[in-house]
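Right, one structure below, let's go through it.
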């Protein structure tokens, strides 16, 4: 087994979710299709609720910002109280959500609605989050060694908490010290990692970031964050240069903490 020694100054391990803690197949084949298949029914059921209206308002604002994009789907403001008007608006939201998802967009508006839909599904027991078998034992070991563990994902903080609170391993939220999403910045921007360090109250070089995406790893490195690229089944392939340049692990168990000996 290849062992990657964690630098002595590291006190925080920052984890990506998709392709790192959780199989991409779970996200691509279960989580995202659930949204596309159920968004219309969800909107019709929850439309009158304040939370749903806030979600729609945020999506409408995003649609206005996207108006210049090819194929952008507008969301009209309500023009009356008629049933036809309501159904047209719901369909516009459905079309907008599906358009954004077809482009794999990570807008806060989209992520917020997805998070609320997943909350309804997880709390109703309609799905449980999947984690790679090495994740929970490794995170427990890190915490016993005094490490802080944080999550940084393009999925909303609320969605992250749902995954860790309703997993096949049970409720494992207690293993996580905190959560970050795109509200702090995008994962391919180095400034996001500086903001995360400020929020945690540490230096960027006290953080080890584990991700499967090399663009994110590069952005983190620019901020003086330590990185390791996680190679998992189903993840995008790496170039020969990337394989040579980055520290690679295929399991969290391959991390060696000098402080734990």
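Cβ atoms here come from the backbone N, Cα and C positions, even for glycine.
Sequence-distant contacts of residue 212 (Mg(2+) binding site), defined by Cβ-Cβ distance under 8 angstroms and a gap of at least six in the same chain, are 16, 18, 19, 20, 24, 229, 230, 231, 232, 235, 236. Taken from Swiss-Prot, the feature Mg(2+) binding site covers 16, 18, 212.
Taken from Swiss-Prot, the feature substrate binding site applies to 153, 154, 187. Remark: residue 187 (substrate binding site) has 16, 152, 154, 211, 213, 216, 219 as non-local neighbours, by Cβ distance under 8 Å and separation of at least 6 in sequence. Reduced to three states, the DSSP call for residue 187 (substrate binding site) is coil.
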Helix, strand or coil: which one is residue 18 (Mg(2+) binding site) in, per DSSP? strand
Per DSSP (helix/strand/coil reduction), residue 154 (substrate binding site) sits in coil
Sorted by sequence, non-16, 18, 212 residues with Cβ within 8 Å of centre, Mg(2+): 17, 19, 20, 21, 22, 24, 153, 211, 213, 216, 230, 235
If the substrate site is taken as the center of the Cβ atoms of 153, 154, 187, which further residues of that chain fall within 8 Å of it by their Cβ? 16, 17, 18, 106, 152, 155, 181, 182, 186, 216
Let's check the environment of residue 154 (substrate binding site): how many other CB atoms sit within 10 Å of its CB? 23
